[in-house]
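Okay, handing you the structure first.
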Amino acid sequence: MAVEAACATGPRAAPGVPLGAATVCASRLRGARFSLLAPDAADVLGCLDAASVADVVVFVQRVAPTRGGDSGEAGVAPSAMPAMRALCAQGLPAVAVALRGVAALPSAQRNAAKKAALAALVRDAALGEPDKAFSADSATDWAAAARALAELRARPPAWRGGGRAYVVAHALGFAPGATPTPEGADEVPAGAVVGTLALEGYVRGAALHAGQLLHVQGCGDFAMLRVEAAEEPAGAAERRRTGVAGAASTSGPASSAVLSAPGGKRHLLQVENEYDDLANEQTWPTAEELEQAEREAAARRAGKRRVPKGTSAYQAPWLLYEEDEADGNAEYGSDDDAMGDEEEQSEEEELQSEPDDDDGTGRPDDMLTDGELAENETAREAAWRARAAELAERRELAEVGEAEYPDEVDTPLDRPARHRFQKYRGLKSMRTGEWDSKEMLPLEYGRIFSFRSFGQARARAQREADTLLVAEDGAPCSGGVTGANAMEAEHGPEGACVAPGRYVRLLVANVPADRAQAVIEAVCGSEGVVAVNGGGLAACREVLVGCALLNHESKACVAHFRVTKDRGVGFPLASKQVMYMRAGFRRFLTRPIFSDDGLRSDKHRYLRFMPAAGTAVASMFCPIMFPSQPLLAFVPQTAAACAAASQAVAAGGIAAAPAALLGGARAAAASGELTLALSGSLVKCDPDRIILKRINLTGYPLKVHKRKAVVRWMFHNPDDVRWFRPLELWTKHGRRGRITEPVGTHGAMKCLFDVPIMQHDTVCASLYKRMYPKFPSDWLWLL
């Protein structure tokens, strides 16, 4: 069994070591191949990257000395707790624990000290029982540990299964030049500079076929040109004994023999659906509306209006038409005001506008000196920090108000309620009421995909992957194309696939040059500049994964994740807040909305804030995924990081420099500015899930007589009372009622209830509106 990673919660052993140099083959252990990674415990994202590709995670735990005859306990260090919580939320493979300091203890206390150290690790980090525990104080101990790890049974996390192959990059390279796209796939944008990305590494997980789409972290989803054989790094060449059971030949030829080519088995790359602006919903007017329009037209024809003296018969109708338009606008307001909803303006949008950069001189930035530019930059950063601090304070106050008065909204005084709440409607019951999931959809829903049955689509995609990973003779793929067949594969490898354990080179087509350059420089360091400018491949010093996708997994949809709030988060998490997401091998920025996790209805209540306890469902636009993909959400908890994230989303520059943003996220996580906020797993991808925002309009009894009452302050004019008369009323003490008629000119109304009402009760009316996730300005899962 190959042991690919050992993640230690201690200092980085050898920073910047290429993955090829960190991969060794142990001839004494039946040729077991080890790729060793040692991320820093303070680097949360680095630990997650290493654990996502690991077969075994080794936690290094120091045994505490005895105190008064009792074995001491050495728990997890506070600096390592964020990484431990994130690792447990993502899902761990087989776990081993290396105990340090055992040799320094007396022989009689060693067993008790080991048990105490393991119990402290399980308690503090909420881990299960480790698969293996061993002492690690000497070279002899580490040799025995390597033997135990080589024999340890692989237990990958559930989300890494499902027949998906992945390759951990050992070397990267890029060559400019576009490749023709097959019919039906997304075309390369005109004027875009693209090329072929070369990625070398071992095939892991399952068999790989060149017809599958490949997700490259930091670049996006692309089609593969072919899969070639590559020479293994020095020191990692296989030295297995002949005849070892289950040992597949992995040492490829020196030449670049083609192991797999797409041929006719190719998945098409599609992100957005074909959008037809003319296919929008058209509502035909009802008979009552047609009759009312005819009566109004007849009244206009019969009415006599004065026109200025000297106006001709040709000019008069135009003047009358302009007067009608002016009267209509004055009565109902403009279209923008009618459709506007100030509550839907996200708080982050305030941070998207640039602060005032005027230095008082009226000169542009290109005419300022270096000192003046530095002062302007300092002032701009201070303005961002002040805005973010104000936003955080407002969120805390809003969360307290939402907990005390849930969903309550005040009726505006300067605007009719029938205009302010025209997007809302009443429901007899949120659980049993009817709501058409296809009604009044936003235009963005025409750009995404949906399934009639998500479960059947998942099973069909898995069957298609199994069919794709079948050799030409009908047998499942086991060893790829090897030996003498490799030369034939250069001319006809369309039906071949590559088995796990083989060292290959993936050629990925039509990768944007700016993304490839940024990723190679970020992952390979200084060698990446040479690889981009001078050609060739550069050794990777950070973890980068290329993951094969099932059919449909590159298409956009609305995904729903069941999440819980991390216990270390003490600040509110609002819907539509910018968050950095990690779902399996994907990384992206998005602004999810929260809803309750009730299962008794097809309608779910929108939540303004993530509840501190319990679960909720986070909905967002993202590529289609199939369960069970984990989700980790990180949020900035400082003012500077919050402002920077909002500014990046507003500017839409995330897709232009994804690797730089990824590096910024890792630095923010290491410095404590980026913290784990949510964790959970995928429920399904379904754009038809109905999320309803509920608002409660409140009023107070003015006069009460048994079942009758006069209620005020819910509305402020009699026209609104008549408009909302069909609504059902309810009180906080459990009464039900209805509106009978308005009273006076200030919005008071007579109401009738099912049982006598009390004077101190509060009368409420509920309105509902469907909510949708925030559509991204650009597809931001390219990270």
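Cβ atoms here come from the backbone N, Cα and C positions, even for glycine.
All annotation found in TrEMBL is predicted automatically rather than curated by experts.
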For the region 'Disordered' entry in TrEMBL, name the matching range from 233-263, 388-418, 450-480, 698-728.
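When 233-263, 388-418, 450-480, 698-728 are checked in TrEMBL, region 'Disordered' belongs to 233-263.
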Which range is it, out of 266-287, 288-309, that shows up in TrEMBL as region 'Disordered'?
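Here TrEMBL associates region 'Disordered' with the stretch 288-309.
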With DSSP as the yardstick, break the domain 'AARP2CN' (141-234) down into helix, strand and coil residue counts.
14 helix, 35 strand, 45 coil
